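Written below as structure tokens is the structure these notes are about.
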Amino acid sequence: MNSNELDLRNKYFYEIFGKKRKSDTSTPTQLFSGSKVQTNINEISITNDEDEDSTEDENKASLKDYTLGHDTGARYRIAPDCSSHQLKASPVLHISTNLNSSPQSFTGDQISPTNKKISINDSTRQDKGNSCTTTSSPSQKRSNVLLPHVRKHSSPSLLSFSKNSGSHMGDPNQLSTPPTPKSAGHTMELHSSFNGKHSSSSTSSLFALESLKTQNRRSSNSSNHSSQYRRHTNQHQRHHSRSKSSPVSLTEISMIKGTPLVYPALLSLIAIKFKQTIKLSTHKKMGLLYRDSFTGKQAIDTLCLIIGSLDRNLGMLIGKSLEAQKLFHDVLYDHGVRDSVLEIYELSSESIFMAHQSQSSTSIANTFSSSSSSVNSLRTKTEIYGVFVPLTHCYSSTCSLEKLCYSISCPNRLQQQANLHLKLGGGLKRNISLALDKEDDERISWTNSVPKSVWESLSKQQIKRQEAIYELFTTEKKFVKSLEIIRDTFMKKLLETNIIPSDVRINFVKHVFAHINEIYSVNREFLKALAQRQSLSPICPGIADIFLQYLPFFDPFLSYIASRPYAKYLIETQRSVNPNFARFDDEVSNSSLRHGIDSFLSQGVSRPGRYSLLVREIIHFSDPVTDKDDLQMLMKVQDLLKDLMKRIDRASGAAQDRYDVKVLKQKILFKNEYVNLGLNNEKRKIKHEGLLSRKDVNKTDASFSGDIQFYLLDNMLLFLKSKAVNKWHQHTVFQRPIPLPLLFICPAEDMPPIKRYVTENPNCSAGVLLPQYQTSNPKNAIVFAYYGTKQQYQVTLYAPQPAGLQTLIEKVKQEQKRLLDETKHITFKQMVGQFFHSYINTNRVNDVLICHAGKILLVATNMGLFVLNYATSINQKPVHLLHKISISQISVLEEYKVMILLIDKKLYGCPLDVIDDAENADFLFRKNSKVLFKYVAMFKDGFCNGKRIIMIAHHFLHAVQLLIVNPLIFDFNSGNFKKNLKAGLVDFSVDSEPLSFSFLENKICIGCKKNIKILNVPEVCDKNGFKMRELLNLHDNKVLANMYKETFKVVSMFPIKNSTFACFPELCFFLNKQGKREETKGCFHWEGEPEQFACSYPYIVAINSNFIEIRHIENGELVRCVLGNKIRMLKSYAKKILYCYEDPQGFEIIELLNF
């Protein structure tokens, strides 16, 4: 085998994985000096730097130019007239890309200015000599060897692009890559030996070649070839084997074995896998945040992973092919793909949805993991076509490395010629006419626009200042020209033709080109002012005053940038459903304009950021003395631009959030009960999203990510399941959405007992629980629990990676903490500790009351009345005041100094001063109290229309009595007591059992089991003036009609401004004065089954047995849930609620909830 020819092919078409054996001699390594990179991807050539002392002989191996690419495929040119002597010398690789006249290396290696050459023959002879004395063991030979899977074949044509691929070529800078790992296809150092020393020997190259030959075989005819493949495979597996406790991720497997994720020659497959694998996140460029974007380095990393190669330049070539077919683009449409963390790119809008589906769980999956199962549920249609020839297999079924293939375009041809010791030759000549047109609008600098005599006398700093000012002028001129193109080319043509259907044409133009005319009006005048200043003198004194004049009129940029997400959505929607529009956009892109609609519209997004950068440049090169006045104004301009950019960030961020929520709203389908997610709220945001699996991921395919897509909103957690129906993907709700205040999660397969946690931590909130017994989580399981509702459930899901699982947990913690911080003004205060026990002494708390300006607390229990005086001492125990059995309710009329108690279905009235004498309280109560009413089920006192009224409900005949309070009633020792009591009494009858009384401004609502009655209270106390009617109109609304199918358990009414807020066990809503539901304010459903209600504006509170539900009364948002065990509300005030709960020992703790 001709080792020189073989080494030439190795260096260009193969990557050499691993290091040389210890048997190889260690000689200093010299870099190939002939690497030349120019910037046109259509012309790639391999040439040999001729040695000055070399002479031509008769046996020269002429390497003809050849081109076999389709359309604008890249070409490899081997320099002609290469003698055999020159071939024996180390050939130097030249890569010519003709995008720029200045040479530039693909890698970051330092190239010697002199063309140093390495004689591979000499180094090989040295290795052979040294290998006789030093022999390495098999383990040493295998150490650190990475066997490649992707073959770097020699091919007449590097790329076979689809149409129009040649019009999207990049900047030369985009081809620069880090110096390591070295790419064998381009400038490459010889690999170091195992002992860390450098060597120029080709032994490691031959070893890697043998690995490539075994893995890239095309025929199974050779048993020797198969045995080599098995030998190297076994060695590789032994070397890279790992324990089960340390699983290898998909990324590690691909990069170690060089295993491509798809067939790397088909660009369509690479495009689909790229969409599924690329990690989308938020990046910032020129002061603006770009969501769902990625860096150039991430793109090349992902492409190298997909094709299973460490050659970043190879990834660059594939990236250019994909970018040329509009798979992704620079966010500013300024240049092509570059291998840099500073350059930001985004997928085409039609690809974003698929990318979200497959890798929106980047927090769940590894950075480059993809879901094989989700591919079945995702659309695999792609508009990317083409074949990457160097990575293709030969189409001949009989092709092998042992004989020369009959096909001249066989990718294995060069290696076959090397194996058979054939001379290089043949091929097609390069077609110069296929070279790209280099017509580029070169930017004219300020020094070229003015005579040399003008700037010769200026300092270097002043020249740079004038250059910055002139750049501001030229870029503004270009921007205004783009606006004119938008107005005259796009808007006018779309309005005057039938490209867009007539029914949506006006709306499309209105939203896509929103605020373009306002921006054009302002910037045209701004440009005129700049042009006038430039024309006054070749040396511009300054432009700060012009900026200060026009900056207040730059507000249309805010509205324009905020409208971009929706405009982009409309454009991509029309492209997908309207072939006429897609054709029009493609024609514009391929015309002299060279950009599509979206590219032109994006210039308005980046323009404010460019202003900030240019002004900063001008300030940097301004002289503090000579440019003092202009510099001071420029500092003001910079502050104003910073403020503008902050406002733009807020506006664009809010618009993007709103757009994301709208897209989510459109694709949600509720299979069973509809749940209001609050997506119509303008402040709703998607905080996190990803994929989880219903199955153990470790038992499935290594690339499996999940089949359940979750969305963490700022108010709840949503689970969706994708299903294909008639080529459309429906996203049905997998489980009922869980509000964050009721969401418990645990990183394990089993949830610890939540009830025990709530009982031991009273007044707690939902959150993350630690596993009870499990110390590790090898399956990456996570349990979600919906707590305390009629729809409560638990579901266990699995995450592909522990890092993603931890990210989800942290995001949930952040959102739940944010909700608590927003309601930190809601506080708790313990009024009575462990004193009342309902099981041991049957001393159940029935009612409480605060009187004497909050100094006295009265507690009514089954064993009597207790009093707690906070003014005398702290932490004292309640005093048993009255020894009466079963005191149900208590109320105090402080203006009359009377206490009213409901004891064993009898309503008593007694003087309030009995609470001051605890020792004689029983005697005073028997002596001075009077029975007001008998057979009383409940009572309530309050004010209505300026009168103090007591409402009494009886057990028999659904009777209701109204007592108008006056001082004569409570003269218990008077002989006219009963007469005075009867004088203020009004009797009513309702058709069902009364449940509650609600005092409104001049009405009293009586909530009954079957309906709601409203009682008008006249200003003048006339028994005939009290009128009762039914409040709700059954036939007015379907919601109300459905409510009457069942009897009510509890009903409460609260006056809110000019409306009435009605609360029922299922839902709540606003009523107007006519008793009709206010449709504009919505209808809110409770999470639980409330037993009591309270109102503390702007909050409405529903009391359940195991949690307190606090909602915003205007929009129904669930702001907080207070968890507990056996919760009961005792009394409610305007800004306070007294309630009790049961602690782990069974004591009833009385708490005060302050708003």
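Here, residue 1 is simply the first one shown, and the rest follow in order.
Backbone N, Cα and C atoms are what each Cβ position is placed from, and that goes for glycine too.
In Swiss-Prot, the annotation phosphothreonine falls on Thr180, out of Thr27, Thr180. In Swiss-Prot, the feature phosphoserine is attached to one residue out of Ser155, Ser537, namely Ser155. Here the candidates are Ser35, Ser154, Ser281, Ser592, and Swiss-Prot annotates Ser154 as phosphoserine. Among the candidates Ser211, Ser400, Ser433, the residue that Swiss-Prot annotates as phosphoserine is Ser433.
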